[in-house]
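Peer 1: What follows is a structure written as structure tokens; I'll ask about it next.
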Amino acid sequence: GVGGAFQYGLQVSIINSPAEYIKSFIRETWLKRYGSSPSEEMITLMWSFVVSIYSIGGLLGSLPAGYLSVRFGRKKAMLFTNIPALLSATLMGLSRLCGSFEMIIVGRLLSGVCGGLALNIHPMYAAECAPRKLRGLIALTSSTATALGKFVGFALGLREVLAVDALWPILMAANALPALVQLLTLPFFPDSPRYLLIDKKDKEGCI
């Protein structure tokens, strides 16, 4: 769940706190680049792109989720979700240093791809690995991880934590941490028995 639905919950909640700082960054970058201040309508348009492109990324990520989970297995597919997560964290974390608000937009798109993949593969992998008696409880880890991600996002977004002008790029790149945790731990987890039996025809591995 840490690298699964948690990523979705985190990205949904984390974007609210640094709104004013990102708008100011867009304004400053535009002024330096073009020598004139952008209109409020342009600032609103750019901010709308930052927020809404996450949903487009989610759609793009959810489309190949089924294919990846069958082609490579649930575990490897979950590991793939960390690639767009780490790329997005890098882009958003370095956006201010590079003076590019477009990096935030692309980063949000990639984090949406991660969320779209994770929200589809995480429940599948968890439910298929769970013992029969615990299957319902384990399937609920998807919604639990989403709620936990939202909570962590709101906590990190407090003024006393990372929601300040100097630290908002770190806040936007916070999704790198759960991605790294999953990359380091998930390889030690078993593969889905259902995947091994039905897709790989590996009865012994399934047992």
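Cβ from N, Cα, C; glycine included.
Pulled the feature table from TrEMBL, pasting it below:
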- 1-207: domain 'Major facilitator superfamily (MFS) profile' (DOMAIN)
- 45-70: transmembrane segment (TRANSMEM)
- 77-97: transmembrane segment (TRANSMEM)
- 103-125: transmembrane segment (TRANSMEM)
- 137-158: transmembrane segment (TRANSMEM)
- 170-189: transmembrane segment (TRANSMEM)
Peer 1: Residue list, the transmembrane segment (137-158) vs rest of chain: Cβ under 8 Å, 6 or more residues beyond ends.
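Peer 2: Counting only partners 6 or more residues beyond its ends, the transmembrane segment (137-158) has Cβ contacts under 8 Å with 1-2, 4-14, 16-18, 119, 122-123, 126-127, 129-130, 171, 174.
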Peer 1: With the transmembrane segment (103-125) as the reference, find which of 45-70, 77-97, 170-189 contributes the most Cβ pairs under 8 Å.
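Peer 2: Selected stretch: 45-70, with the most Cβ pairs under 8 Å.
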